[in-house]
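Copied from TrEMBL, the annotated features are:
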DOMAIN    31-509  domain 'Major facilitator superfamily (MFS) profile'
REGION    521-543  region 'Disordered'
TRANSMEM  20-42  transmembrane segment
TRANSMEM  163-186  transmembrane segment
TRANSMEM  192-213  transmembrane segment
TRANSMEM  220-242  transmembrane segment
TRANSMEM  248-267  transmembrane segment
TRANSMEM  336-353  transmembrane segment
TRANSMEM  365-386  transmembrane segment
TRANSMEM  393-412  transmembrane segment
TRANSMEM  418-442  transmembrane segment
TRANSMEM  454-478  transmembrane segment
TRANSMEM  484-505  transmembrane segment
Amino acid sequence: MKFDDFLFTYLGEMGKYQKIQFFLVCLPTIVVSMHALSWTFASVDTPYRCRLPTDLPKNENYYTPLLNFTKCTNDADANVPISEYGRPGITCHYERCRLPDNETCSEHIFDHSKVEYTAVQRWEITCDRSWIKATIQAAYYLGQMAGSMTFGVLGDRIGRKKVFFLAILIQITCAYLIAIAPYWWLYAIARAGIGFSHPGIFVIAVVIGMELVGPQYRKLASVITGLFFALGQVFLGIEAIFFTNYQILHVVIASPALLFLSYWWLVPESARWLVSQKRYQEADEVLQKAAKVNGAVLPENWWEQLDDQTTSQDGTPARKLTGADLFKTPELRKRTLVVFFLWPVISMVYYGMAMKANVLGGDIYINFIFAAFVEIPALFIVYLLIDRIGRRYILAGGLFIAGACLLVNWLMGDNVQLWMAITQMAFTKGSITGVYAAIYTYSPELFPTVIRNTAMGFCSTIARVGAIAASYISMWIAEQFGKVFMIIPFGIMAVSAAILTIVFLPETMGKPLPESIEEIEEGTSYRSSHEMQPLSKTDEETA
């Protein structure tokens, strides 16, 4: 008997115990989400000007009659006539980096009418130092990349629970450090540490959750995890409105994670992992508690009924494949190249739109919260449609909608009405969120079992490249040279990714998972109908 068959025969696919444990492991993903994008508000763009020789050290009044305005904007970040100065909701801007005599300045005075204190002000991340802002966010994704490679291996070697708890400890330590870091480079290192903990919490939470529930609930489990991640962004946007001192905001974000230290006693080790390690007594302790909560009874020495999964079917060891094998045959090479383009593009657009939520116009706080809310229905739409219209159409359609909204916004010019800007942001963020959810299901189905984990490891790593690029484009290039340098590349690459998906990738809905590279190259038509695997099996493999 397979472990799945045993587990769900006696405990059920989604009993009371599974629901409690899944809820517990999902809660930390809220804090992970808040940390991932907290720099958006810690470094929020606020008006500033050069400090003049006549400005007193303790009297930092942003507005001065000694300088001329360059432009004025309203609450929707749309340009208005300079004559509107003084009216409620109007903010006027000066030349940021040069004095009237055209000399550059190294000190600035910031507008504190809406934001109390930012990291940009503390470390003078202005003008020719603005690259630091993007570098700090990029450090997070570099840490995340390292964490993906580290915690994936550790999770299989020392167990899910230990990795989960270790990642929580790292997150808490680094989260408090960034609140007090005296130098930007130390802040960046600590932020990389938080990024390092990200996969140790989020990915392991997904793994623990999927190892608890039955095959028919695994797809829903991944959607629920994404829902908690979206809720974290909503909470972040709300907290950022009330806590405009970046140090206090970091403390507010970090503190709830202290409750998760109790997980050492509340969350047990994965029974599936313990069984894979042949630690049956420990697995029995976990499953007996689960059975008690679910009102079930397990047979004695149940592990003796399980199949031995440590040997291959024909008894011969298979050749170990490497990343190079992804490019050796034509069909697999084509899929690999397209998928390796899709992952960084999707990651770039998703994180870029989250980091600069007002790029299409509107207030950054309102847009950020609204865009996060939009993710929730987007996830459920994907859940409902992915087995009806197929992975390929969801992926291509979502990418095309996101890219088209961006390009239409650019064609409409700078003075886009607030309702239109929010609508375009909602469609863009909702579409790219759906695409992100769909590609986690679609990508594993495109690669054969013998090299699937390797391929997905490369996908995860290359996706971070897109996130790093998004950091520099949204937080440096767009702010220095204009939003057009973000909107056009994002829009063109999203539409290009949609076209590549339709033209070069096959539909995998309802098809068996390929087992070998030969099946990819020759097609699977020769496989008999009784070998067709149900979707629940697909979900099991991708978990």
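Just so it is clear, glycine is given a Cβ too, placed from its N, Cα and C backbone atoms.
Only pairs six or more apart in sequence are counted, and the transmembrane segment (365-386) with the transmembrane segment (418-442) gives three or more Cβ pairs under 8 Å, enough to call it a contact.
Per-stretch counts of Cβ pairs under 8 Å to the transmembrane segment (393-412) identify 484-505 as the leading one among 20-42, 192-213, 248-267, 418-442, 484-505. Most Cβ pairs under 8 Å with the transmembrane segment (163-186) belong to 192-213, among the candidate stretches 20-42, 192-213, 220-242, 248-267. Only sequence-distant pairs (6 or more apart) were considered; of these, at least three Cβ pairs between the transmembrane segment (248-267) and the transmembrane segment (20-42) are under 8 A, so the stretches are in contact. Counted as Cβ pairs under 8 Å, contacts with the transmembrane segment (220-242) are highest for 20-42 among 20-42, 418-442, 454-478, 484-505.
The domain 'Major facilitator superfamily (MFS) profile' (31-509) scores a mean pLDDT of 87 in the predicted structure.
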